[in-house]
Amino acid sequence: MEPTVKPIVSMKDIEKHFGSVIALNGVSVDILPGECHCLLGDNGAGKSTFIKTMSGVHRPTSGEIFFEGRPMSFADPRDAIAAGIATVYQDLAMIPLMSVSRNFFMGNEPIRRIAGLPFFDHDLANRVTMEEMQSMGINLRGPDQAVGTLSGGERQTVAIARAVYFGAKVLILDEPTSALGVRQTSNVLATIDKVRKKGIAVVFITHNVRHAMAVGDRFTVLNRGQTLGTAERGEITPEELQDMMAGGQEMATLEGSLGGTV
Amino acid sequence: MADTPQAVIDERVKDVSPWRKALIRPELGGIIGTVAVFTFFALLAHDSGMFNAQGILNWSTVSAQFMIIAVGACLLMIAGEFDLSVGSMIGFAGMMIAIFGVTLGWPMWIAILVTFAICMAFGALNGVIVVRTGLPSFIVTLATLFILRGFTIFIPQTLERKTIIGGIREAAEGDWLAALFGGTIGRPFFQWLGDAGVIGVFDRGNRAGEPVVNGVPMLIIWAFVLIVFGHILLTRTRFGNWIFAAGGDAQAARYAGVPVDRVKILMFVFTAFCATVFATCQVMEFGSAGADRGLLKEFEAIIAVVIGGALLTGGYGSVIGAALGALIFGVVQQGLFFANVESSLFRVFLGVILLLAVILNTYIRRIITGER
Amino acid sequence: MKFFKTLALAATALTVPFASHAQAIDDDLSYIMVSHAPDSDAWWNTIKNALNLAGEQMGVNVEYRNPPTGDLADMARIIEQAAASGPDGIITTVADYDVLAGPIRSAVDQGIDVIIMNSGTPEQVRELGALMFVGQPEYDAGLAAGQRAKGDGVESFVCVNHKISNPVIADRCRGFADGLGIELGSSMIDSGEDPAEIKNRVMAYLNTNPDTDAILTLGPTSANPTIQAVEEMGLAGDIYFGTFDLGAEIVQAIKDGTIQWGIDQQPFLQAYLPVVVLANYDRYGVLPGNNVNSGPGFVTADNIDKVEELAGEFR
């Protein structure tokens, strides 16, 4: 790691307990600007708890979070969003019954004053939505098209475009590809690449090593609430990552019997 | 939208016919229903007095009543919640005005303002309990339904030993705030219409020579104001977007930074406000408050909203649609009398309309969300 | 969409055959009765039957309308609507003078003849400009019943009120208490309209107040479950039991000795007479000179046989 690049988010020794359950047991991760940081782990490894801590949903039981070098304490997701940490949840990103433009500006509605009264500026919202969607490569029938008519990949892309448009410095993607087909997955991965090139840090949560290897700059593996270390691109092979995720030995055995197809 | 960038046509997106596009507007069902209902009664009851001045006033007043509570119920339903306490709230609010204004002899404007405050506090309580406990609003407001109805019977029985308190009109004589709820406007205009022979006049009694319709009731004005307010709030403001979001998917809305709890609580308060407007207009017009006022009105409000195209599951609907639903409801209810149809069949008719509306809504929902 | 069209057509077709069920004759008089009773009130069935019978016999159109939930504000709208449809006469009740006075007076001023039945006072009828009143003055009926019970040695009672929101009905209890010469106090219970609830509330009251001499019920709605309650508690025939109005179960209970007397206000007359009076007034200009008291008449085990045959239908 080059010491000259300062991490935008730095999580140090994060612990999170739910009653007697220790979900995170001393996790430390640095996120650099403009990198795609892949967070890998099997189900139950603590990925969800970790990103919810980063995005302000949970408060850590102990440990510190530094954002742009300053210690931060987020009371709720709004604080995190205001600071520039945006999260795109797998199922909870979009509201299917609402139009794309209403979704795009949900919680950040543009205001135009008429006779001193604040009104939703639909013209601006529609225009921006169409522009942003085109720059991400999605052609809408119109800004009033309901999100419910979009495919899963397109919905993820709308959510990502929304976060980027509203000035996210760190974009957390929670399993964005897990329910998608091949074509849609590659679209989402391409979107991630575009976002990274804008200098935004992407935290990409997945349990699919291929997807991670496709766009990741650095890789952190979580297992049983602990980090098994962070590796840079080129320092590690997909097989090694897969092993670390599964906790080593048994997976190697299993993989052997499956002929390296997992 | 001249400056929208021209979208490249994607061959996988099927062209949508104008019919399907119109269908996903929530008002469409209401518009078709309104046209159908008026055609039906124009054919069946055109010579029955339904479309003379008095008849029109009759069904528009009944429709306006439904509209007032439907606007509140509509916004609340879009925000993803129900309020079953609306009917009880109407009885309760009327009774409170009577207790404060007649039994306790307060100036009527204070009685009205205090009643509004109490009822909106109950609305807020409904909302706070729903968002804090996460219980279905159905159950919470069902409890409120009984609590309020119980108070509405208990309080006047304890204080006055009766369950109908009269004398409100006399107590409200000359009161500035009461005049906003009772009474009519546009009287000279209707007098002129009566004199010109356009509308009928009373031909005996101490009102002989006065037109049978002597103005537009404030009830109708309130309905109109609330519809305009509700429609603009829902479609033209940031808060309106939050209402859709809160009902569409509360969790997704929260993650996007929408203050979902606040939106829902405020909608409960607004529903209570609408119920209190209804009650105030009613007691000012009729001059008495009764413990059984407003029975089943909560369902009538919900029915009007559903006929108007809102989804029971929240997140979708329109105030204009709800207002049209209320109009259909009112016109059908009164129109069947005019058409000389056996009145017990009203429910059959209502049930059929409701069923058609719900089926149509489900169909619309599939189109919007692309479910197959 | 074809499916929806078919459904809509079916719905339209369904309602049409039911229109205009009463046959018109040459002068085509039409009268509308507007009651205050909710759909659930069985007592009004007698009224509907008598109304239709009078319509048939007099050769006039009659219609019965009521607010489905018994909401009097809705009833006011129905009277307004009835007036707007321009009938020759309206027969209605004054269940609440404040609420109904406006619509009734408007109808009268519009030139429609109005007869008040069932609920109301002679003063209110005069005030409203109605032609006459046909009914049983409730307080007086209660008073007479109370005096009768006092003569039978009753000193305390419970009044089972299934329609607590109707002050006219409550007058029956007040009159009864005054007839006995005691305070009404907490003797009147709000029983609700559900049979099971009424029964259990009566049982609870009698258990907590075992020294209650008499029960007064205000109609079949409260009487029928109360009959079951006293039978279950083994008090049938032992406790003094009087009721307002009649019905099949009440008649049986009078025969069995469970109920001492039923006060018959003869609802048949309340619906039948106004139609006859209105039709003759419109055709020949004749009108009785006074209000008609349709009750009270006491039905006891001695005169029950005449009543029994037609109970619930015309009695």
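Every residue, even glycine, has its Cβ placed from backbone N, Cα and C.
According to TrEMBL, the protein has these features:
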TRANSMEM  B:28-45  transmembrane segment
TRANSMEM  B:57-78  transmembrane segment
TRANSMEM  B:84-102  transmembrane segment
TRANSMEM  B:109-129  transmembrane segment
TRANSMEM  B:135-155  transmembrane segment
TRANSMEM  B:212-234  transmembrane segment
TRANSMEM  B:265-287  transmembrane segment
TRANSMEM  B:299-332  transmembrane segment
TRANSMEM  B:344-364  transmembrane segment
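Ranked by Cβ pairs under 8 Å to the transmembrane segment (B:265-287), the stretches B:28-45, B:84-102, B:109-129, B:212-234, B:344-364 are led by B:109-129. Using a Cβ-Cβ cut-off under 8 Å and counting only residues 6 or more beyond its ends in the same chain, the transmembrane segment (B:212-234) has close neighbours at 53-54, 57, 60-61, 63-65, 67-68, 71-72, 74-75, 78, 179-187, 189-191, 194, 199-202, 240, 243-244, 274, 277, 281, 284-285, 318-320, 323. Fewer than three CB pairs closer than 8 A are found between the transmembrane segment (B:84-102) and the transmembrane segment (B:344-364), and contact between the two stretches is not assigned (pairs 6 or more residues apart). With respect to Cβ pairs under 8 Å, the transmembrane segment (B:344-364) is most closely packed against B:299-332, considering the stretches B:28-45, B:109-129, B:135-155, B:299-332.
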